[in-house]
Amino acid sequence: MQKAIRLNDGHVVSLGLLAQRDGTRKGYLSKRSSDNPKWQTKWFALLQNLLFYFESDSSSRPSGLYLLEGSICKRMPSPKRGTSSKESDKQHHYFTVNFSNDSQKSLELRTDDSKDCDEWVAAIARASYKILATEHEALMQKYLHLLQVVETEKTVAKQLRQQLEDGEVEIERLKAEIANLIKDNERIQSNQLVAPEDEDSDIKKIKKVQSFLRGWLCRRKWKNIIQDYIRSPHADSMRKRNQVVFSMLEAEAEYVQQLHILVNNFLRPLRMAASSKKPPITHDDVSSIFLNSETIMFLHQIFYQGLKARIASWPTLVLADLFDILLPMLNIYQEFVRNHQYSLQILAHCKQNRDFDKLLKQYEAKPDCEERTLETFLTYPMFQIPRYILTLHELLAHTPHEHVERNSLDYAKSKLEELSRVMHDEVSETENIRKNLAIERMITEGCEILLDTSQTFVRQGSLIQVPMSEKGKINKGRLGSLSLKKEGERQCFLFSKHLIICTRGSGSKLHLTKNGVISLIDCTLLDDPENMDDDGKGQEVDHLDFKIWVEPKDSPPFTVILVASSRQEKAAWTSDIIQCVDNIRCNGLMMNAFEENSKVTVPQMIKSDASLYCDDVDIRFSKTMNSCKVLQIRYASVERLLERLTDLRFLSIDFLNTFLHSYRVFTDAVVVLDKLISIYKKPITAIPARSLELLFSSSHNTKLLYGDAPKSPRASRKFSSPPPLAIGTSSPVRRRKLSLNIPIITGGKALELASLGCPSDGYTNIHSPISPFGKTTLDTSKLCVASSLTRTPEEIDMTTLEESSGFRKPTSDILKEESDDDQSDVDDTEVSPPTPKSFRNRITQEFPLFNYNSGIMMTCRDLMDSNRSPLSATSAFAIATAGANESPANKEIYRRMSLANTGYSSDQRNIDKEFVIRRAATNRVLNVLRHWVTKHSQDFETDDLLKYKVICFLEEVMHDPDLLPQERKAAANIMRTLTQEEITENHSMLDELLLMTEGVKTEPFENHSAMEIAEQLTLLDHLVFKSIPYEEFFGQGWMKADKNERTPYIMKTTRHFNHISNLIASEILRNEEVSARASTIEKWVAVADICRCLHNYNAVLEITSSINRSAIFRLKKTWLKVSKQTKSLFDKLQKLVSSDGRFKNLRETLRNCDPPCVPYLGMYLTDLAFLEEGTPNYTEDGLVNFSKMRMISHIIREIRQFQQTTYKIEPQPKVTQYLVDETFVLDDESLYEASLRIEPKLPT
């Protein structure tokens, strides 16, 4: 048995009496113990951390004691009272004291008064020695601090006393000196012979008034001079100039901080890592990545310190000498600029090392980096010189011509502009690498194929992936279902070589789907994948889906079905995918095109053409290759750009998109159309003379000289009639050297002549009504290659040889579109993707160029692989076509398209080559028109003359007797797209929404919920943003004097932004009560947070900027009533849309969010102004700055990505009417006056 703890009973009794007399809290309480569940009334007294209780207030000895140190006191709810209880009519208030010891039960107490209960709880909560000790320590600290202050004050007082004493001595000395001077003056005056007469008192008064008036007039004149100067243009320019300098100081401080992070967080740690035992990176690679970075940091630290010193001497600001220090160091920047592309390439290569990639992610995770990547920090110096140029432009705009710094600033600007042009080119050329690395970093699993610096980013967006199990069950209702959209929504990224399909996970991270990395060389696009044999079904899906058939080299084939949100978006995706597939296949198939005994191939045609890689007076190239492995154009004349557009040997998707976006800057649509028409009518002019010489030359034909085109009645196609077909036969045993790649390289769309012979029996899913946005041109990806119905023994031997040589015979890329006449033969049953066996029973139709019967089926990749085998692809072609349809017309087409040498004269072969060139020219013209019509339809909606000319041209094409059926079908689809009556969706939806509000009474703000306002504001913002045509983004029209005429929709967006901002401020100031204003602020902040969830970042900035304006921000009494949660949320929203670091937080959020989305337009306008100010549209030689056009096109591409995806929000006219009503909206001056009226300024 444990012994009881002994206490000094007498001392406890004395403390109890002391508590009874001097306790901090005394009174009757009811307590309940564990031994006795009944409530007992006792008299309690609290002394420090001791709680005594007595039988009554007159007891001389306490009944018990509780030590409260470390206990917790809190109120507890009243227990339910029984109806039979005697005390049921009396209200009690309970609280408990919990002790730190778990074994000790809590003390339960109750009172009859709620206020008394609260006071007991508060008193017991403060009854702790620890609290007293803490307060005592704080008081001691204050006491020591006061002692130090007193000592300091004593010292100061002593010094002041000493100064006073010294002052008194000095005063006494001065008094004595004055007294002496007075005596001397009196002596001099007494010696004067004539004493002045006393002046009249009136004269003295007059002189005094005159003196007062002279002083008043002088002060008034001086005040007027000061006021006139303050209002003068010179003073206004100086104020703006000072503001520019202060902004420059802030930007320079931020830039120095960025360089400091680059050097200290990346460069120096990587140098140490390179010296480790197992280095993840070499010293050479570190030097290549960070060339001159440390030197640039030191240079700008010196520049920043000099700038701070100039600011310290304000208002005298001399800046020219600072730039004189910077200019001689520009060679350091030049080395950094020239190395920039190589730096990012080395970085991409190093990131393939897992150890380096892991280490780099650790560095980037540091708080200083703020989730920015190394590529971002390496790009910051590229933007600094253009920023200096903009600053100098503003300084010169506010610097008088006679200013002492004018000439120096002009000289600095000219030198910086020379370097800026080079920098813009380098940024343009490395933008693709940085974009690829940014996307690769967003994918959680990583994606090594994006580390290939030759990949070119084309487009991205959200598509819905439909599982194959639902094939044939897709309808409009199912496509719009939330479950399918949530489960099937995919983030798709199209590159020049691959299609990446991802899902969006938590934290905005991307995850690759199964088979999410698709190589485009293995792809075949089916425009309408569903088996829609009845019109009703086709109308249900609205032609929004398309199918990609993938046939990997080392895995079974599979199919991906994707659904776009609109027909326009589908047209853009399918056009770009087809273009990329053609580009990559044409690059691989070049080795066989026009292959003859003279071994003249298309690569030789390109290599022999110096105009494709050598600078000339009318063209200059960058170091970067485009998607067709041809040098990108940096500067070029308009004529050379049009030549590149119509060059039949290649056409890169990035050049085509940039050209169609920007051609209005340097030419007009009629010139482009005329060039396409001329190429169609005279296709031989689309190939340079040197390439023509190589093409038409052979061992038997040397008649063509350099620069001479072959003379033939077929060289000009208009009104030409087909020549007599040369009928000839050749034995299948004679294996001519043929090119299986029938078409010339058209760059975008190779001929699909082979697809004309593909029947419909074996593949029922390929037939669909012709979509106006469907694929309309011809494609090398649609080749059907097979042997004849009957084979000779030698053919069988060749087939056996092919099989024994390990040739793959997978399903080939087959025809995706059939003529309308074939649709009646469609089988209703679904079949799996076709196999070689499923094609063997096909019967050729129309032009059976190739038949599937022998089982020989080769994809384009197989054909390239076969070039390295003993059996050439051309031999396989001869075997495959040996027993084809024997009609003379078909045999002549085979012979022409195969460009056979054996058995035909050189003149006949030249005619065959011209035939292929005409086919390629036709496809090029139709391909460019298809991209133009589907992606840039507004060009034709706003220009009736252009539309008329295109329609006339297409009608002429369709009536050409030499036109092939697939070409005629392509032209018909373009015509259908161009002539169909479609309402301009962008403007009509906004007009309809505003029309719905007519006659609707404006309801007050309180009648609308935050959710309703956020949704309707998002819908309104999106429609206004969507209505901006992309041509307004060129030329900085929004900053010109005639901005309302040049960019009406951008200005409409700006006015809408300002209207909503003024509406919010007016709504807050409309309330007279402080609490009402605070609740209005809280509600608008809630609206902003909902808009953030809806990805409407424009509205977030509208609301935060409105609340941040001085008329609202100065309302201190109102802000005291706003809750802490609202203030915290407001700060979070402000940080999201902050302009710091060129809107770095907003850019990162946009990069990780899925459309629909409404970005802040001003961010993109700043980027475009940055590009426009830094570089001109034309060089001094009059060449178009195509690198600049490429960068602007990339910005427009991102804007259009957000414009294309719409919100599924139902309009609410009442809420919309409230948002657009301008009746009660105040302007800036009225808002500030209302703010002063509500809370006047405090007197100073």
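Even glycines carry a Cβ here, placed using N, Cα and C.
So that you can see what the record holds, here are the features copied from Swiss-Prot:
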type     : residues : note
MOD_RES  : S71      : phosphoserine
DOMAIN   : 240-426  : domain 'DH'
DOMAIN   : 456-582  : domain 'PH 2'
MOD_RES  : S575     : phosphoserine
MOD_RES  : S611     : phosphoserine
REGION   : 707-730  : region 'Disordered'
MOD_RES  : S739     : phosphoserine
MOD_RES  : S760     : phosphoserine
MOD_RES  : S781     : phosphoserine
REGION   : 800-840  : region 'Disordered'
COMPBIAS : 818-830  : compositional bias 'Acidic residues'
MOD_RES  : S854     : phosphoserine
### Query
Taking each of the modified residues S71, S575, S611 in turn and counting other Cβ atoms within 10 Å of its Cβ, which one has the fewest?
S611
#### Entry: Integer Cα-Cα distance in angstrom, S611 (phosphoserine) to S575 (phosphoserine)
28
### Task
Can you grab the distance from S575 (phosphoserine) over to S71 (phosphoserine)? Cα atoms, rounded to a whole Å.
75
### Task
Pop the mean pLDDT for the domain 'DH' (240-426) in here, whole number is fine.
83
### Task
Would you mind pulling the DSSP three-state label for S611 (phosphoserine)?
helix
